Number of protein chains: 4
Amino acid sequence: MSFNTFGHLFRFTTWGESHGPAIGAVVDGCPPGIALSEADVQPWLDQRRPGTSRFTTQRQEPDQVRILSGVFEGRTTGTPISLMIENVDQRSKDYSEVAKAYRPGHADYAYDAKYGFRDYRGGGRSSARETASRVAAGAVARLVIPEVSIIAWVEAIGGDAIDPANFDAAEIGRNPFFCPDPEAAARWEGLVDAARKAGSSLGAVVACAATGVPAGWGAPLYAKLDAELAAACMGINAVKGVEIGDGFAAARLRGEDNADAMRPGTDGPQFLANHAGGIAGGIATGQPITLRVAFKPTSSILTPVETIDRNGTATEIMTKGRHDPCVGIRGVPVVEAMVALVLADHKLMHRGQCG
Amino acid sequence: MSFNTFGHLFRFTTWGESHGPAIGAVVDGCPPGIALSEADVQPWLDQRRPGTSRFTTQRQEPDQVRILSGVFEGRTTGTPISLMIENVDQRSKDYSEVAKAYRPGHADYAYDAKYGFRDYRGGGRSSARETASRVAAGAVARLVIPEVSIIAWVEAIGGDAIDPANFDAAEIGRNPFFCPDPEAAARWEGLVDAARKAGSSLGAVVACAATGVPAGWGAPLYAKLDAELAAACMGINAVKGVEIGDGFAAARLRGEDNADAMRPGTDGPQFLANHAGGIAGGIATGQPITLRVAFKPTSSILTPVETIDRNGTATEIMTKGRHDPCVGIRGVPVVEAMVALVLADHKLMHRGQCG
Amino acid sequence: MSFNTFGHLFRFTTWGESHGPAIGAVVDGCPPGIALSEADVQPWLDQRRPGTSRFTTQRQEPDQVRILSGVFEGRTTGTPISLMIENVDQRSKDYSEVAKAYRPGHADYAYDAKYGFRDYRGGGRSSARETASRVAAGAVARLVIPEVSIIAWVEAIGGDAIDPANFDAAEIGRNPFFCPDPEAAARWEGLVDAARKAGSSLGAVVACAATGVPAGWGAPLYAKLDAELAAACMGINAVKGVEIGDGFAAARLRGEDNADAMRPGTDGPQFLANHAGGIAGGIATGQPITLRVAFKPTSSILTPVETIDRNGTATEIMTKGRHDPCVGIRGVPVVEAMVALVLADHKLMHRGQCG
Amino acid sequence: MSFNTFGHLFRFTTWGESHGPAIGAVVDGCPPGIALSEADVQPWLDQRRPGTSRFTTQRQEPDQVRILSGVFEGRTTGTPISLMIENVDQRSKDYSEVAKAYRPGHADYAYDAKYGFRDYRGGGRSSARETASRVAAGAVARLVIPEVSIIAWVEAIGGDAIDPANFDAAEIGRNPFFCPDPEAAARWEGLVDAARKAGSSLGAVVACAATGVPAGWGAPLYAKLDAELAAACMGINAVKGVEIGDGFAAARLRGEDNADAMRPGTDGPQFLANHAGGIAGGIATGQPITLRVAFKPTSSILTPVETIDRNGTATEIMTKGRHDPCVGIRGVPVVEAMVALVLADHKLMHRGQCG
């Protein structure tokens with residue numbers, strides 16, 4: 001409902017710029033009595049942390065989170081939880097050129113058009129660094145929905161997709177690509193390395209599944225679970241598309257091929273398919289919620305691109321700095337976090353109206 | 001921020017069920033002094049109205065809108081605009097079977113899971129009939145953004161896409177499919193007819209472009225223009241996917257192929273491409289805003305499908321009633337309306353913060 | 001959070017002008033399964049209805065409410081409840097003079113300053129007629145909080161207060177003043193009659209008590225129960241002051257005289273006093289919630305008052321029309337409704353976060 | 001709209017407990033390009049700071065504010081402004097008794113009832129220490145409304161009021177009571193000293209005037225300027241009543257005595273009185289906005305009071321710690337801050353809808 005706040009009952013507000021002293025999130029509406037310490041948050045931040053392999057940006061950020069409020073004697077008190085992460089490795093010198101000219105594909109020009117000027121250091125507020133705040137907030141959200149299990153992975157890089165037959169969830173944590181298919185992971189190593197060395201970048205598709213969401217969560221008509229997941233994911237840096245269930249493939253199907261038939265089950269209905277991705281009419285059906293998210297290739301590349309400067313004069317720009325050759329990879333923990341945040345919010349909303 | 005309200009400063013709330021006495025919308029926050037009468041709203045409703053060709057549901061609804069408040073001497077007063085459309089052609093008898101068993105692909109089961117019971121007549125609140133309220137509200141939104149031109153069309157039906165080389169905007173209004181390619185329109189006639197006669201249904205892709213949006217509209221980070229468009233469109237009945245700009249295709253590109261290079265232009269920069277779909281960092285760049293929306297095939301089909309009844313017992317269901325063989329067709333004016341509503345809201349928000 | 005919407009989880013949006021075709025409210029977020037029909041709403045509207053005694057405006061409005069959505073087979077469905085009341089007795093001719101000159105004490109000048117023009121017929125949107133929508137919405141709210149009993153009364157008219165020793169709740173419904181003190185009621189008859197005949201008007205104080213509110217409802221820090229009650233009541237037409245518990249009298253006390261000491265009780269603590277009015281730190285303590293609301297005298301009087309017209313020229317105005325000699329009297333059901341609406345909302349919010 | 005966030009377009013969210021490591025506020029929606037540094041915020045915090053005279057709590061807090069985001073090269077960027085104040089002088093040992101028993105008049109019991117447990121150190125989140133965050137946010141709000149001048153003062157302590165004839169705004173800053181009447185200030189010195197020495201406490205009335213608010217700010221019907229001011233002030237710790245303009249006195253007037261007659265003026269109308277306190281129909285009239293706020297006496301007193309412990313057993317409590325003998329005094333800068341925050345928000349909202 002506002003600019004830098006997300007959620008209805010379980011809400012978080014983020015603040016901070018790429019090269020400011022710190023970034024952070026304030027989580028509001030978290031139920032009381034939940035065990036919470038920095039140790040519950042840090043592992044998720046470590047997943048997103050830059051500099052852990054040669055396939056991500058070489059900026060070195062420990063991303064140590066501090067909880068400044070809302071927890072007493074190890075449990076949430078129901079009051080706002082302030083999470084802060086200090087920025088450590090800000091090399092502002094890298095960005096002198098960016099101050100003058102607009103990087104195509106970045107938010108530079110749009111921010112100037114909106115606000116009249118911008119914090120150009122590392123993209124300022126528009127930097128993907130802000131997503132660390134989301135991951136921290138998402139870690140709190142996970143604790144609110146222990147009945148739900150959320151897992152995301154990279155499904156394709158630069159158009160090279162995994163083989164669904166090879167899907168093995170246990171593989172996801174074993175390679176730097178969050179890839180569930182070991183063969184694809186092997187291929188991607190060469191692919192991403194080549195792009196990195198060429199100063200180029202690659203797009204990616206991230207998939208996510210949330211199991212254990214009870215039938216009934218969600219809220220018609222303008223807080224539909226799928227609409228809020230779409231907003232949550234489309235709002236991640238570099239995302240250009242979101243699909244729920246079969247997504248665009250459903251647009252090619254006939255009605256009889258798209259039906260998720262039901263049979264009597266032991267605990268609720270047994271569904272014979274999940275084309276809908278676990279959501280009907282904006283409300284969870286009890287099936288796994290499945291979605292796919294398209295990440296564009298990182299806009300920061302070493303190829304010079306035509307652009308203009310702040311005075312509107314023609315120039316060229318080549319983004320040196322340190323950047324991810326495939327920003328979709330580090331998007332995996334961010335997608336998971338956003339899904340957790342939406343689901344925690346909808347759990348509370350459902351309980352409020354129908355509990 | 002709530003369940004049946006959409007928007008921040010320019011907001012609308014809808015109410016009404018498919019087979020209740022009426023449906024409607026309350027538009028709040030509309031600027032004062034804008035010329036408005038029923039004649040400004042009716043043409044858009046007529047575009048969405050059922051029963052105008054054999055390719056849509058045969059329910060006959062005149063969809064006559066009444067303005068009950070917020071207008072004085074032909075101009076908006078700045079107070080809430082209440083729009084009401086009476087339901088005329090409700091054949092509740094068609095829906096007796098639906099009361100007992102859950103229609104796969106519909107919201108029947110999910111609503112029962114959430115609320116404990118549901119208004120089963122014609123889908124009640126989950127019916128696409130509610131989208132008439134959105135179109136009415138969207139007609140008001142259009143008047144708030146006279147600088148913007150919004151046009152949507154059907155890009156593909158059942159996987160059969162238009163040929164971009166044949167694109168002719170003038171064709172969109174000349175066929176019952178909102179199709180800009182006369183050759184595709186001719187093919188779709190047979191395609192949709194065949195599906196209709198077979199009691200089947202087809203999915204579709206709707207595309208939309210909004211030109212004239214000034215650079216600067218939009219709002220980081222949790223009211224991003226693209227995120228709000230995604231929510232607005234994903235919340236339309238039967239939608240399963242949303243793309244901004246190149247969407248999922250961008251995930252297959254390399255950075256240098258995805259760059260929207262800039263040159264000095266006469267009125268702001270001249271962009272050499274528009275992969276981004278007119279939005280960067282959640283803020284409009286001044287280019288046309290482009291998006292694509294995937295509609296699944298109508299779930300109501302004449303093929304019997306396995307399902308369960310309210311007691312959890314196995315049964316079969318075949319949805320007789322009157323239904324659209326391709327619900328995506330009538331989605332075109334709804335997508336336009338939602339885009340108009342998001343843009344009107346962001347115009348006011350931008351003016352509020354940066355005006 | 002918006003202009004014409006009130007509440008968080010249990011929300012209502014009102015629309016309509018004094019002399020338009022109708023007024024109404026959309027209630028959103030009401031829990032499902034609650035028995036609801038027009039018969040549950042009408043009695044409260046009848047309490048507020050004008051023209052029932054010579055002590056209120058002589059405008060004759062039946063104030064018949066219609067429920068247009070959100071109810072199926074006699075029960076709420078969890079979807080928006082649209083309530084509509086048609087305006088019947090609009091005598092627009094009474095207001096021709098108001099179109100030109102600003103009535104001091106009314107919103108005429110302020111609306112023109114804000115919106116550039118206004119619906120001057122009967123005050124348009126700023127008319128107290130809008131409070132009928134609140135009373136209708138409040139009737140629904142009452143059904144959401146059956147554990148709570150809300151009662152309001154007039155405590156003073158024109159500075160003539162009831163004697164607390166005479167307080168008898170049963171008397172409130174027996175006189176046209178909602179007066180719990182039969183002696184005061186007798187005095188007020190002469191007092192209000194005299195003001196009415198003189199073309200003058202009188203202010204009033206309305207008191208309200210809500211019993212049965214469980215300890216724990218409420219929400220720090222910017223949705224405090226007392227802050228929201230203050231907003232709800234200060235937003236009623238003609239209200240200029242709100243007190244919780246002892247209110248301004250507490251500002252004259254010493255700490256030891258203001259303490260609400262506690263003893264062990266049978267069901268929660270037994271409080272020895274209720275200076276706080278049942279709220280501490282923005283959260284209900286389980287004691288009765290008590291508040292007082294100051295209504296200014298009706299601004300429409302038969303005494304000519306200096307003013308200016310729309311061109312800024314000096315003139316005089318004398319409001320003929322039909323008006324309440326003491327608008328506070330009909331404020332009683334409105335205060336009750338607003339208190340019910342706030343409490344229903346907080347019940348759902350509390351259940352959402354802490355349920 | 002949420003629990004710990006206030007405002008619509010200009011919003012702030014506060015976090016932090018009395019004895020946690022820090023407290024803070026995130027200000028969102030601030031227009032870009034405004035000169036802002038810690039030096040703009042600190043003076044207002046210094047006004048509210050404890051320990052500056054013997055008439056306030058002896059807790060020593062430097063209340064040094066840090067700006068962690070949203071400012072670049074000395075100007076606001078339009079992105080969230082994170083303000084942090086470290087807690088320095090937390091003596092948690094003082095509060096061991098509070099952990100066990102409920103302090104009457106405090107939020108202890110209510111928080112336990114709501115959340116199941118609480119951070120009892122210094123009142124945790126319910127401590128008036130949180131108001132430092134409001135004052136910091138309010139300092140930013142003031143910069144958004146340079147056309148407005150806000151001044152508050154103490155009008156009465158323990159029932160001993162200033163003489164309006166002695167009112168001298170220049171006096172307010174010259175005594176520790178924010179008292180505009182030097183004679184009253186002299187009396188209050190003895191009054192407050194006596195209460196402090198007796199371990200007692202006193203209530204107070206704070207008055208506030210905001211001049212320069214343009215006619216037109218405000219927003220009917222559920223974001224009325226007076227309703228939002230009422231919520232803003234009633235939400236301050238220890239506040240039990242709010243009046244706009246004449247407030248409860250208006251309830252004793254006749255219509256002709258309450259009229260704010262108008263004459264042609266040089267810049268808008270000249271009003272002959274301001275009973276309404278500068279607001280009609282929820283919208284500013286251009287006159288000074290005047291309000292009064294009642295603070296109860298501090299609940300923490302050295303007199304033992306009957307209470308119960310967490311097990312419901314009878315006990316007595318006497319709050320040792322360090323406390324304000326008259327919390328209303330330090331309420332002055334908080335009232336000013338809340339008024340500034342409401343007005344900044346309404347300026348942006350007005351510009352958004354009507355700009």
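Including glycine, each Cβ sits where the backbone N, Cα and C put it.
Remember, TrEMBL labels are computer predictions, not curated facts.
According to TrEMBL, the protein carries these features:
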type	residues	note
BINDING	C:ARG48, C:ARG54	NADP(+) binding site
BINDING	C:ARG125, C:SER126, C:SER127, C:ASN237, C:ALA238, C:GLY281, C:LYS296, C:PRO297, C:THR298, C:SER299, C:SER300, C:ARG322	FMN binding site
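Location within the structure of each feature annotated in TrEMBL.
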| residue | record | Cβ contacts under 8 Å, 6 or more apart |
| --- | --- | --- |
| C:ARG48 | NADP(+) binding site | C:ASP63, C:THR131, C:ALA132, C:VAL135, C:ARG330, C:PRO333, C:VAL334 |
| C:ARG54 | NADP(+) binding site | C:ASP193, C:ARG196 |
| C:ARG125 | FMN binding site | C:GLY16, C:GLU17, C:SER18, C:TYR111, C:ASP119 |
| C:SER127 | FMN binding site | C:GLU17, C:SER18, C:ASN237 |
| C:ALA238 | FMN binding site | C:ALA128, C:PHE295, C:LYS296, C:THR298, C:SER299, C:VAL327, C:GLY328, C:GLY331 |
- Item | Secondary structure at C:ARG125 (FMN binding site), reduced by DSSP to three states | helix
- Note on the structure: Cβ neighbour count within 10 Å, max among the binding-site residues C:LYS296, C:THR298, C:SER300, goes to C:LYS296
- Item | binding-site residues (C:ARG54, C:ARG125, C:SER127, C:LYS296, C:THR298) in Cβ proximity to chain D, threshold under 8 Å | C:ARG125, C:LYS296, C:THR298
- Task: Could you tell me which three-state DSSP class C:ARG48 (NADP(+) binding site) falls into?
- Result: helix
- binding-site residues among C:ARG54, C:ARG125, C:ALA238, C:THR298 whose Cβ lies under 8 Å from any chain B Cβ: C:ARG125
